[in-house]
Amino acid sequence: MLSFRLAYIFSYNLFQFCGHTWILANTMARFLTFGQDALADTFYSVGFVMSLCQLLSILELFHIADGIEKARLLPRFVQVMEKNLLLTMVIMLEEIQSKPVVCAQFFLWNILDLLRYPHELLCVMDTPSTAMLWTRYTLWIPLYILSVATEGVTIYQALPYVEPTAPNSSPLNSTVPAHVGLPVILMLYLPVLALGASVTVWQLLKERQHHLEKWNKKMKKK
């Protein structure tokens, strides 16, 4: 059972690493070949693989709950949900898919995951690296903050393309005001996104301190 769990979590991390490596390589190759014209086609060229990787990332919540992966559940839950919610919005709104901010968002997501999954692979193989440990728990945090800011910009740019709910389109009109539609919901989601990101950063800082202290003690024993 232990060998199966290790093989499973290793295969999962390897799949995510390969998937995000392909997305980043594809994006960079298209940008070097077509220049700024490639920004508009980023979603169409890598959207399926990105959607698959982000959908599978929901499994990480079960990994943590089951003890396969040693991490804090709350920050991972926030990260997984905010990514999947934003990706769902981008899929539903074709007008936003060609925006440069979507390309920037995908690029940041790839960098974040390419900093995390190699570290997870090394931990599974019980060969952690000092450089990867520092990168995973130090460089990752400011990049995550930048990624959340980009998510906010993406949502803000999507507002003009979101149609308000029609006054007579729902049987709940008697209890829900007519002006409460998708644009209002997205606007209300922005402060929720900021709050969730703040809690996540706080949890990540605590996680960083714990892992670095644990690593320092391990090095002193050697």
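From the backbone N, Cα and C atoms, a Cβ is placed for every residue, glycine too.
Listed features, source TrEMBL:
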TRANSMEM  12-31  transmembrane segment
TRANSMEM  43-62  transmembrane segment
TRANSMEM  139-159  transmembrane segment
TRANSMEM  179-205  transmembrane segment
Stretch among 12-31, 43-62, 139-159 sharing the most Cβ pairs under 8 Å with the transmembrane segment (179-205): 139-159
Same-chain residues near the transmembrane segment (43-62), Cβ under 8 Å, at least 6 residues beyond its ends: 12, 15-16, 19-20, 22-23, 26-27, 30, 69, 73, 76-77, 80, 83-84, 87, 90-91, 97-98, 102-103, 106, 109, 113
